[in-house]
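First comes the structure, then the notes that go with it.
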């Protein structure tokens, strides 16, 4: 028997270490396992949770044997902004920056998307897209300021983005109450019809869900992210400065510019998310009451995704699914917060993953060395 | 509202102390945390755990015990729970050397989920049951004991960090862990102590917040107070005095914003609510600008 051949366990560890998506799958699986245990511990049926999730993916209600496409539509609708805020984290993360500020960039995006929805001249099919794009620009500027300070003066982007989240929140409340038509402390006038992302065809095939044109914006954003990151010099230099800032600096990549681009790009994705949520799911201008959480959940989306476009899509769909299924769970008697618990478990597991990975690596190398030694001893004996 | 009127200060000062105390407690906890070399952006979440625990304990014990005793048990419970959950952060970042920001974010997620989850199980609603009376004010101006707790912690932390060998060792672990380790300090143990002490104080911070400012725990109760504490650490330049003063300044801005009715003044109310964050951004940028200029880096 060939002793240099690795055991099944070793090969499993090896494959897992090389594949980021596989690691994410384990993390999600453990997250579900922990939540299942938690539900059992408090005497609730985990099947309710799994049924609700199944129903949102397939539209089929296992308990009443009925099909309703609206569940699928709403799942996709809730996933779109999360895909975008996930891209926001990834775009900065792969450049070496931690963007905790997607929430604030999201808020800047929705604030200006709403504003432009009212002030742009009504053009069929164009006003909504333009307003969302201008929201993206607002988000990009909000992120870009942080990137500039980070690149120029080395101020921690983590602390700055946290501060900027709250500044954005209070700014948005003040701005919306003063600059949107007929605004009071919680709402403004109805949007003009041309400024809505509503798509009657998408609605009709999903039994009147709220699925809207935002889905195309999210898909195009995914494509742009993929092309910029993997196919352009820009993307390469961004990834390089994230991977090794020193080396990047010496090879002529300007730190201020790359920090600015990384954070502005991140802000643009989050800003678009704000636009599509507020022009896609509501028919009237809103004054935000609290942080919606899309930006914070985006952190989890990005961390689980492993950084690729396809990973972000899958991860966004996963967290969108949790959000979509939670009201269904609540109505069937298990606290809907179980879904935020799954997110929490997943994020904490990812924080632990780094250390666990290192242990796995050193274990693997140790095993390989041991095996190599024992074979060479074996050969020595044979030789003698 | 006239700031030259004595009645303004009679309302303002007690409220300011009430609002500042949780910020001071949490910020000093975060300071110990950061001095040991571990950043914890999960302070917000730890405050949430503390506030939920305190509210749940107090509302349960209130009918049986005297107010003072029930409040004390609630504070103690909040501190313990804060310590327990900060252990997750300590394990992830110290033992496994994981990313501190991810782990802290995880704590925040866990707090917002788990507290409401438990509230649904225990109280059948998305909040704890309301208690009859929280901490009782001490004088006719209703200054809460939380202000004195904060003052005691302020003195204690200052003494511990600056006058004791323990504090020196803790700071050494943050500033130069190799040197500390070379001098025979158990760096991992010190960092564990730093993080867990931070968790205890953040838990107490959350507890004092819920026991003085409201009558129950809800999901939107903490609403950024932990992040204000984080801002106070940076704005206070990582010294006990600076952090405490920054917390009081931020507490004052919030109090003023709450007292001013919306849209009445020339400066909008939202500006005062955003002030802690704006001031912190400006100060961080300026300090780092000066640092770079002094070192001649650009």
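Cβ atoms here come from the backbone N, Cα and C positions, even for glycine.
Note that TrEMBL annotation is computational and uncurated.
Per TrEMBL, the feature transmembrane segment maps to A:21-42, A:72-93, A:100-120, A:126-149, A:158-176, A:211-229, A:259-279, A:299-326, A:338-356.
Residues of the same chain lying 6 or more positions beyond the ends of the transmembrane segment (A:158-176) and with a Cβ under 8 Å from any Cβ of it are 98-101, 103-105, 107-108, 110-111, 114-115, 142-143, 145-146, 149-150, 183, 188, 285-288, 291, 295.
Taking every recorded stretch in A:21-42, A:100-120, A:126-149, A:299-326, A:338-356 and counting its Cβ pairs under 8 Å to the transmembrane segment (A:72-93), the highest total belongs to A:299-326. When Cβ-Cβ distances under 8 Å to the transmembrane segment (A:299-326) are tallied for each of A:100-120, A:126-149, A:211-229, A:338-356, the top count falls to A:338-356.
For the transmembrane segment (A:338-356), the list of distant contacts is 23, 27-28, 30-32, 34-35, 38-39, 49, 297, 299-300, 303-304, 319, 322-323, 325-326, 329: same-chain residues at least six beyond its ends, Cβ to Cβ under 8 Å. Against the transmembrane segment (A:259-279), stretch A:100-120 shows more Cβ pairs under 8 Å than any other of A:21-42, A:100-120, A:211-229. Remote same-chain partners of the transmembrane segment (A:100-120), defined as residues 6 or more beyond its termini with a Cβ less than 8 Å from a stretch Cβ, comprise 81, 85, 88-89, 127-128, 130-132, 134-143, 146, 157-158, 160-162, 164-169, 171-172, 175-176, 179-181, 188-189, 191-192, 195, 263, 266-267, 269-275, 277-279, 285-286, 288, 291-296, 298-299.
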